[in-house]
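Database features (Swiss-Prot):
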| type | residues | note |
| --- | --- | --- |
| DOMAIN | 1-186 | domain 'Peptidase M12A' |
| DISULFID | C42-C177 | disulfide bond |
| DISULFID | C63-C84 | disulfide bond |
| BINDING | H92, H96, H102 | Zn(2+) binding site |
| ACT_SITE | E93 | active site |
| CARBOHYD | N122 | N-linked glycosylation site |
Amino acid sequence: NAVKYDQQLWPNGEIIYEISPGLRQYEQLILEAMRSYEDTTCIKFRRRFDEDDYVNIHVGDKCYSRVGKSFKGGPQPLSLGNGCTDFGTILHELGHSVGFDHEHSRTDRDEYLIIHERNIKNGSEHNFEKLLESKTRTIGPFDYDSIMLYGSYAFSRDTEAVENHGTRRTRTPYEICHSKRKAELL
């Protein structure tokens with residue numbers, strides 16, 4: 001599940017970044033996550049010199065990143081708030097910067113997942129909206145182990161939710177699970 005338009009991809013697969021001083025204690029972990037992409041894809045990360053367009057990795061109040069390169073250009077935020085500085089979350093947010101959207105937002109997700117909407121915390125429903133086919137590019141089969149797939153308890157109000165189907169420590173969006181099983185989220 002990736003950005004629809006080529007203009008949202010970083011030129012030559014090179015993502016320019018800057019890490020704010022407030023994240024210095026996590027810099028090695030951030031760089032390790034970047035290396036994970038570089039080792040398994042054609043994506044390269046390069047520290048900002050004076051470029052106008054770059055990913056500004058900063059301390060924020062939540063975990064979020066823009067999906068792909070901004071049409072407008074300039075700095076774009078990648079926020080690592082409280083609880084967002086583990087390897088899997090950093091890998092996930094970098095995935096958004098690369099151009100990947102959530103696996104559970106794919107247009108064909110209902111063939112693979114059951115979303116229990118009644119278990120979604122109030123105000124978090126937008127995290128489970130399917131993307132319109134006109135706004136996304138579906139890549140490969142559904143990946144149950146994708147770093148871009150939320151765990152079964154994400155935004156859940158129910159502690160009895162189904163277990164997560166993968167380990168966020170080692171998975172990348174490029175590891176494809178060919179399973180035909182249907183998983184349940186929330």
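Note: Cβ is positioned from N, Cα and C throughout, glycine not excepted.
All protein chains shown were included, and the count of other CB atoms within 10 Å of the CB of the residue listed as 'active site' stands at 24.
A simple Cβ count within 10 Å picks out one of the recorded positions C63, C84, H92, H96 as the most packed, and that one is H92. Take the Cα of H96 (Zn(2+) binding site) and measure to each of the recorded positions C42, C63, C84, N122: the nearest one is C63. Around the Cβ of the residue listed as 'N-linked glycosylation site', 7 further Cβ atoms fall within 10 Å across all displayed protein chains. On its own chain, H102 (Zn(2+) binding site) has N1, N127, M148, L149, Y150 as residues at least 6 apart in sequence with a Cβ closer than 8 Å to its own Cβ. Sitting within 8 Å of the Cβ centre of H92, H96, H102, and not among those site residues for Zn(2+), are the Cβ atoms of S65, V67, E93, G95, F100, D101, I147, M148. When pLDDT is averaged over the domain 'Peptidase M12A' (1-186), the result is 84.
All protein chains included, C42 (disulfide bond) registers 9 other Cβ atoms within 10 Å of its own Cβ. Separation of the C-alpha atoms of C84 (disulfide bond) and the residue listed as 'N-linked glycosylation site': 21 Å, rounded to the nearest whole number.
Calculated from their C-alpha atoms, the gap between E93 (active site) and C63 (disulfide bond) amounts to 7 Å.
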